[in-house]
Amino acid sequence: MPPRLSPLTRAVLGPAPTPTLTATTVPLQLTSLLASLSLNTNARPASILSRLRDAPGAKQNTKRVGRGPSSGYGRTSGRGMNGQKVHGKVKPWFQGGQTPLVVSRGTRGFDNIRAAQLSTINLDSLQHWIDTGRLDPSKQITVKEIIESGLVGSVKDGIKLLGRGKSMLRTPVNIMVSRASTEAIEAIEAVGGRIITRYYTKDSIRNLLKGKSISSETPLPVGAEHVAQALADAKARPWLKRLPDPTHRWDVEYYRDPAHRGYLSHMLKEGENPSLFFGVPKETKPKKKRTGSARAKAEKDDLLF
């Protein structure tokens, strides 16, 4: 590439002659095409590449203090000897320049680290999995089938069924999940399906996937009369770990509620409430009225002297 001429040389020599295009030498179509193009006369030369730099004040040198006397900011780090500016500290609410937690997290409520982390599925995804043959609607769909089919990625404490795409559900299914929304329950029962909610834990889900447990809707029977039958059933099949039942009050009340289709709803008697604090009102006997002699005797017993 030939060297570029300096601005002074170009001013002395003048602009280079440019060839002119005429209609006699160039076809008419090419002439009209070139006439429509406008050359950019404000183009900057390539020589400015060596002079490119940041705008003044765009970049500031980092002031590293406390790194020895040779930098000029050692020892006292440029703060001087005494005074408030030497001994001062950052504000107690300063968090390094990040968005304050009071802004990002708020001032109300708290993060419940013990809350169950449930994976969610929706009715439209459930119907799509049935249409593609990944789930068999003729059998009961449990947490094990949902995980093995790939409908959810990872499950920690259970699966909750939500009602998105309820108009797309057309296949009656028998499904058992950890929890379900009211819309999902109504949509499944509207097409002739059945849903039941059951309590799961991380270990119980892991045992189901490994084949160490089986899904069951009925809890373990309690009572001496059920011991013989339970032992006979246990000896008839390989040893399996039973699924645990809830012990926390909130979980017990949830699975006792027929509105949630809980598997413990059979424990409620007629007229009872799922709440564990609910007490069946007892019949109260009317108080007997005191007769005149009884009232006089009571007043006499109340006398101190």
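Just so it is clear, glycine is given a Cβ too, placed from its N, Cα and C backbone atoms.
Positions annotated as compositional bias 'Low complexity' by TrEMBL: 11-20.
Non-local neighbours of the compositional bias 'Gly residues' (69-81) in the same chain are 63; each lies 6+ residues outside the stretch with a CB under 8 Å from one of its CB atoms. According to TrEMBL, the feature compositional bias 'Gly residues' maps to 69-81.
Here TrEMBL flags 296-305 as compositional bias 'Basic and acidic residues'.
Annotation comment: TrEMBL describes 120-195 as domain 'Large ribosomal subunit protein uL15/eL18'. Per-residue confidence over the domain 'Large ribosomal subunit protein uL15/eL18' (120-195) averages 95 (mean pLDDT, predicted model).
Sequence annotations record features per position, and here TrEMBL assigns region 'Disordered' to 1-20 (among others).
Annotation comment: TrEMBL describes 53-91 (among others) as region 'Disordered'.
The annotation region 'Disordered' is assigned in TrEMBL to 275-305 (among others).
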